[in-house]
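One structure is given below, encoded as structure tokens.
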Amino acid sequence: MSRLVVVSNRIAPPDEHAASAGGLAVGILGALKAAGGLWFGWSGETGNEDQPLKKVKKGNITWASFNLSEQDLDEYYNQFSNAVLWPAFHYRLDLVQFQRPAWDGYLRVNALLADKLLPLLQDDDIIWIHDYHLLPFAHELRKRGVNNRIGFFLHIPFPTPEIFNALPTYDTLLEQLCDYDLLGFQTENDRLAFLDCLSNLTRVTTRSAKSHTAWGKAFRTEVYPIGIEPKEIAKQAAGPLPPKLAQLKAELKNVQNIFSVERLDYSKGLPERFLAYEALLEKYPQHHGKIRYTQIAPTSRGDVQAYQDIRHQLENEAGRINGKYGQLGWTPLYYLNQHFDRKLLMKIFRYSDVGLVTPLRDGMNLVAKEYVAAQDPANPGVLVLSQFAGAANELTSALIVNPYDRDEVAAALDRALTMSLAERISRHAEMLDVIVKNDINHWQECFISDLKQIVPRSAESQQRDKVATFPKLA
């Protein structure tokens, strides 16, 4: 039986409990336990980058981690992955800060990681690469003679050609991506956007609906919407509340709660969300004194100016809205720029009447799925969800909104707050069925199954790939 080798920018420490490690870690660990294998990634530490890989083995899984130099981390991770790819893939070209040294560092680190992984590989290993930090990784492995089956999953959106082709290195990235055997995306829109970008650059031959050839390289594309662990989340959400939260719930027994939790990121649409809530207060004054909107948004990448700007904007907007609409004994908006324990959040989800998830662009958004899974099926809350979140393709019984239309979001919030119990139960049941069916294990099992079905490349095909190119005709 072939081993599974997983490569991601960061790895979850082997002593970290799966429940607190996040969705990706749960899925990866499930796949690794089933097949046995290796999880390879950055340790999270800088310095001593020349020291040997740190290896830890537990059961049939080996964790192999490495350090990066300060320069490598800055250029590969901060300056290119997060200052070029992240904003571009989330349709924010205005925030892209392309610098040629950062691009060189991005390629250099991917090559370095390929060098580090190469001695660990076995001939029949199946290799699964994750996310935008590692777009060129298969290309580097192929250059080193690796013919194994290599799959790639993109956790964030893939932009349309108008966006992607604005990147100075878009052509190189596209050709490098074709060195993967299987390219997985969150949604059909993402998959088609990738193929559109490719078709604009070179001739793409499609043998079947999702099997393609470009530059003489054969690959497949497929959609794998990532899921969650609904049973684990329901378990975390149930049970007694911590004393302080129980006291707060008792104090707010006549107040309906709108709740939201996101990383502080410009892709999440937080300023637009605040303005939509203000529109609710303005257009539907009957809710005054009877609702409360709590936004939890812990800082991420706090040293980046764009993130600092959002934080200051939210602080100002929260103060302005509370000053305008607040009353003695009633604060309409609570904004908390801090981290909360995941298990506590699931309990808060359960006692929230409305879950507000309105990113401007998101690959999937697991918070939306977690909110649904955390609800009491007999008395569930209502999910208000952005049409630009990948989850909207599955959670069609949510109230789907355009996050740029504050009046539409305000109307959806009013509808959610006044929705009948029967409709709430019906909508929740439909969404929960989808979430249970497409859980995190289903996601990884489908991807691995499809990757296993691909015939490994031969040395001869590798040589053909190097010489056979088919430029797009004018």
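Each Cβ is built from the backbone N, Cα and C atoms, and glycine gets one as well.
Noted in Swiss-Prot for the protein shown:
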type    : residues                                                                     : note
BINDING : Arg10, Tyr77, Asp131, Arg301                                                 : D-glucose 6-phosphate binding site
BINDING : Gly22, Gly23, Arg263, Lys268, Phe340, Leu366, Val367, Ala368, Lys369, Glu370 : UDP-alpha-D-glucose binding site
SITE    : Trp86                                                                        : site 'Involved in alpha anomer selectivity'
SITE    : Ile156                                                                       : site 'Involved in alpha anomer selectivity'
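On the structure: features taken from Swiss-Prot.
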{"residue": "Arg10", "record": "D-glucose 6-phosphate binding site", "contacts (Cβ under 8 Å, 6+ apart)": "Gly41, Trp42, Gly44"}
{"residue": "Tyr77", "record": "D-glucose 6-phosphate binding site", "contacts (Cβ under 8 Å, 6+ apart)": "Asn9, Leu68, His133"}
{"residue": "Trp86", "record": "site 'Involved in alpha anomer selectivity'", "contacts (Cβ under 8 Å, 6+ apart)": "Tyr132, Ile156"}
{"residue": "Asp131", "record": "D-glucose 6-phosphate binding site", "contacts (Cβ under 8 Å, 6+ apart)": "Ser8, Asn9, Phe153, Leu154, His155, Ile156"}
{"residue": "Arg263", "record": "UDP-alpha-D-glucose binding site", "contacts (Cβ under 8 Å, 6+ apart)": "Ala297, Pro298, Ser300"}
{"residue": "Arg301", "record": "D-glucose 6-phosphate binding site", "contacts (Cβ under 8 Å, 6+ apart)": "Asn82, Asp265, Tyr307"}
{"residue": "Phe340", "record": "UDP-alpha-D-glucose binding site", "contacts (Cβ under 8 Å, 6+ apart)": "Val261, Ile296, Pro298, Ile348"}
{"residue": "Val367", "record": "UDP-alpha-D-glucose binding site", "contacts (Cβ under 8 Å, 6+ apart)": "Val261, Glu262, Gly355, Val357"}
{"residue": "Lys369", "record": "UDP-alpha-D-glucose binding site", "contacts (Cβ under 8 Å, 6+ apart)": "Gly227, Ile228, Pro230, Ala391, Leu395, Ile435"}
Local backbone state of Arg10 (D-glucose 6-phosphate binding site), from DSSP in three classes: strand
Packing count at Ile156 (site 'Involved in alpha anomer selectivity') (other Cβ atoms within 10 Å of its Cβ): 20
Cα-Cα distance, maximum over Arg10, Tyr77, Asp131, Arg301, record's D-glucose 6-phosphate binders, Å: 18
DSSP three-state assignment (helix, strand or coil) for Phe340 (UDP-alpha-D-glucose binding site): coil
Residues flanking the D-glucose 6-phosphate site, with Cβ no more than 8 Å from the Cβ centroid of Arg10, Tyr77, Asp131, Arg301 and excluding those residues themselves: Asn9, Ser81, Asn82, His133
